[in-house]
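Copied over from Swiss-Prot, here are the features:
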- Ser2: N-acetylserine (MOD_RES)
- His298, Asp300, Asp411, His626: Zn(2+) binding site (BINDING)
- Asp411: active site, nucleophile (ACT_SITE)
Amino acid sequence: MSSEDIIYDPQFKPVQGIYENRLRQFIDTGGDYHDLNLPKFYDKKRISLDHDHVKVWWYQVSFERGSSPVSPDKRPSWKSIIERDKKGELEFREANINQPFGPSWSTTWFKVKISLPEDWVKSNEQLLFQWDCSNEGIVIDPKTLIPVTAFSGGERTEYVLPKTSDGKHFFYIEAGNNGMFGCGAGSTINPPDDNRFFHLRKADIVWPDLDARALYIDFWMLGDAARELPGDSWQKHQARQLGNAVMNLFDPNDRSSVRKCRELLQREYFDSFLESSKVYEQGESQVLTNVYGIGNCHIDTAWLWPFAETRRKIVRSWSSQCTLMDRFPEYKFVASQAQQFKWLLEDHPEFFNKVLIPKIQQSQFFAVGGTWVENDTNIPSGESLARQFFFGQRFFLKHFGLKSKIFWLPDTFGYSSQMPQLCRLSGIDKFLTQKLSWNNINSFPHSTFNWAGIDGSQLLTHMPPGNTYTADSHFGDVLRTAKQNKTPEYYGSGLMLYGKGDGGGGPTEEMLQKMRRIRSMNNRNGNVIPKLQVGITVDEFYDDILKRTNQGHDLPTWSGELYFEFHRGTYTSQAQTKKLMRLSEIKLHDLEWIAAKTSVLYPDSYKYPSKQINELWENVLLCQFHDVLPGSCIEMVYKYEAVPMLHNVVKECTSLIDKTVQFLQSQSKADLVEMRTLTWSKPEKVSEECSLNGSYTSSVTGYDDYIVLANGKLKVIICKKTGVITSITDETLGVEYLDTEHGRNKLGANQFVIYDDKPLGWQAWDTELYSVNQYKYVTKPKKVQVSCNTKEKCAVEVIFQISEKCKIKSVISLNATAVTDAKLSKVDISTTVENWDARNKFLKVEFPVNIRNDFASYETQFGITKRPTHYNTSWDVAKFEVCHHKFADYSEYSKGVSILNDCKYGFSTHGNLMRLSLLRSPKAPDAHADMGTHEIKYAIYPHRGALSSDTVKLAHEFNYCFKYKLPKDIGMNFDDIISISGDENVILSNIKRGEDDSAVKSNYSLNPRDEQSIVVRVYESLGGESFASLNTTLNLKRIEKVDNLEMKVYKSLTATRDESNHAINRIPIKLRPFEIASFRLYF
């Protein structure tokens, strides 16, 4: 045996945990050994702010404390600042490192002048300017006013300097003094710190070592593979060993060792295309792709910042993405929300036309979604949701020549059961969200599926398995997207949405480089490392789903609403905004109704105000953004933007209606009649004395312990001791509708309850399950007295003192009713909460009813959603608080109770208890949310039999209560222009002029026609096939059933003359359950 056969140097098996943990040291810029590892070589040279090479001056835009932080003067246009500076009108002062800039929400402008060292210029290598002022900023070319790239403190700090022969650079930086997530004090979702300052940390020119920076990405992905791949894969262990081999090979005193390390990794673990877009063309083509990467940039239109700041976030984010597209040909980026595109066009037309439009034409930048904003779908009315698509899709068609095929709504708080139908009516057949991954009780069971609405319409739906729309393109993000797919038996691939989001930003160069490395590792090592594909479009991804699932027929189906098991408090937070939204929707309905009919009667002397109407709709739709209307924004959004905006909508609608009414009154000398905008309401004479002949009159009787209100149909007993309603009986039937003997509430109806409301986090968003059993009844009235006692109306006023400043005044009333309308008799309640000053309390009002059913019915947009009244399963438990619109109904076969309201959305029905949510008092992100005085109207409608069209129509009347005084002859003509007859459950909901009528001159017209038309929207309200007739005196030329966009014609219809009145044309229509239908009538 020779000495060579003797072991002199024994080897040990590496200890996995130790060797794995060691890998983090190599690229750690803040670790103890950063100067002995790769970070030492990230830069070849760096020069910080000095007087020879980098000079920076600053100018602070005037910002008076206490003034509106969203006024235009706080964010002056780029052009105005640069022109004024050129004229010497602005005083720019020299800036210094660590200098603070602020306060919160103010704007600071910087001028940057760079003179690169001669040897840097001669190198002809890529050079950088690195800027970090801890806030948001954007680089602006002073000659073209076109932005180049954006900065966000700590995340996006580098600007690639264009190559120049002399190394000279001059540009401006506009900086908004807020972080990417606003200015929250302590936590991002706390109320803002309005006195926050942002420090200039870096203003450096950098000569980077691109090899070292590339090795940083190589090693990062290799280390992630070592940490995150399954333990039974050889690729995991090889990654760990190679990582340690690289660290052993690296020499901190020899920069050339960087190249040697890269060469080792390319030989052993990556392919040769790891830095090229061609990497996605390599590998086994027969192997199915696990993960498809799509860049996106979710910009909340308002949230922890105002609309005014979002306008700047848009250009910052999208300019950065357009710059990246020039360097990464595979990069595809999607952005939604037509409102954001419109703001960009208004604020930066040069960028919109010269940069954005070409990127769209080159199929790198994609406008998706089809809605005006990424809207809430719980609270907006059905017509509002229809207009979200109408304006969104028409904007895209007008400016980009395309409409979206996908409803893009990754981040909203639940999805209405009518969304599939509204999407299909708007040219959309696909849907993407991921929010249900936030469910806090049940895990949603599907990733790819068909979502069917209550009418049967369905959308091909994908929920990215990575459970985020802001993936950083980490190895783990790709791995989770591949492994967390919940429907792999049907479709085994998933979409990964990568890019900084919520506050904007979007993908970074680093993310795109990481994805190239991950695909390179897959090309070399097989599918234990997921096969990642970048470069396809969202439409191509969905086409792949259809191809691999028998056109979607093999996929599972989810029917009904996509209820979000979280953020249930958003049905109630910011009550004033929700009330103004309801009022705005009603006023717009009335304006379109009266303006459309007036333009038909007087085409030569009255012009339909389409431009004003469209602008008002845009503002309403903007305020339906999924943080604004739900109530989860900071205070300034409501104080300075949304509330004033909605007040203005109501004011402008009222003004336009008044002008139209005055015009109509000038056209006739006939007596005036009062008209509503509901097709079943008939004109009433103005100031006509109420005739009580043939009516049940109202009366009030007082006793020692209680007060009785009665009108011959209903008898209502109010307890003087507690101030609540203890009995509601139908005297004609002998039926009691309340139950005070069983269940939790043995006191009575209109019982106010204050719940503790301390969710686990997310105050404005959440109310939690445990709060259901943590409550106190308000039982000691300060006053109970008769406030009205006439034959027309009787009422009792009840006052409760809640705190030293806060009191509740509730007026319970009963009106006289005609014998023929007695079945519609209801108990009206008007409640004023004065000086609501609670902290983390939730005010509700309860109604214990003598009803038993497993399900209750809640009005949703254009229909009904049924939900359980029991807690059988965890899915039932999760629905302890739900959303409704104008009514909730709880019925059994023989009788039922409907609760109507004029501005509330939260509700629950369990056991025998119906509960309407009134007010919350969260303290973040708005510290003053819902404080103050609130007026709320609701009603108890007891009825015989199950839910019927009586409830639907009463709820409409309860809300659409405005009356307009018109000459009698014109009023009759108004009624005859369009009406509906037939099945009572078919509702004629809206009337408007055709958008493409040339005479209308709409700014959203796409194909102007020299024709006149009105568009009529109807829907089936209760869930049954129905037949009705549209009746009109118009001299009809043709009739079309059209889509929501007024573009696609489904079919043509014919009209017949009414046999008893030949002036009337009757158009027979048939609707399936919960169908929404639009008809365009040409005349």
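Each Cβ is built from the backbone N, Cα and C atoms, and glycine gets one as well.
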Same-chain neighbours of the Zn(2+) site, Cβ within 8 Å of the mean position of the Cβ atoms of His298, Asp300, Asp411, His626 and not counting those residues, run in sequence order as Ile299, Thr301, Trp303, Glu374, Pro410, Thr412, Gly501, Asp502, Phe625, Asp627
Cβ neighbour count within 10 Å, max among the binding-site residues Asp300, Asp411, goes to Asp300
Ranked by how many other Cβ atoms lie within 10 Å of their Cβ, the binding-site residues His298, His626 are led by His626
Nearest to Ser2 (N-acetylserine) by C-alpha distance, among the binding-site residues His298, Asp300, Asp411, His626, is His298
All chains considered, the count of other Cβ atoms within 10 Å of the Cβ of Ser2 (N-acetylserine) is 5
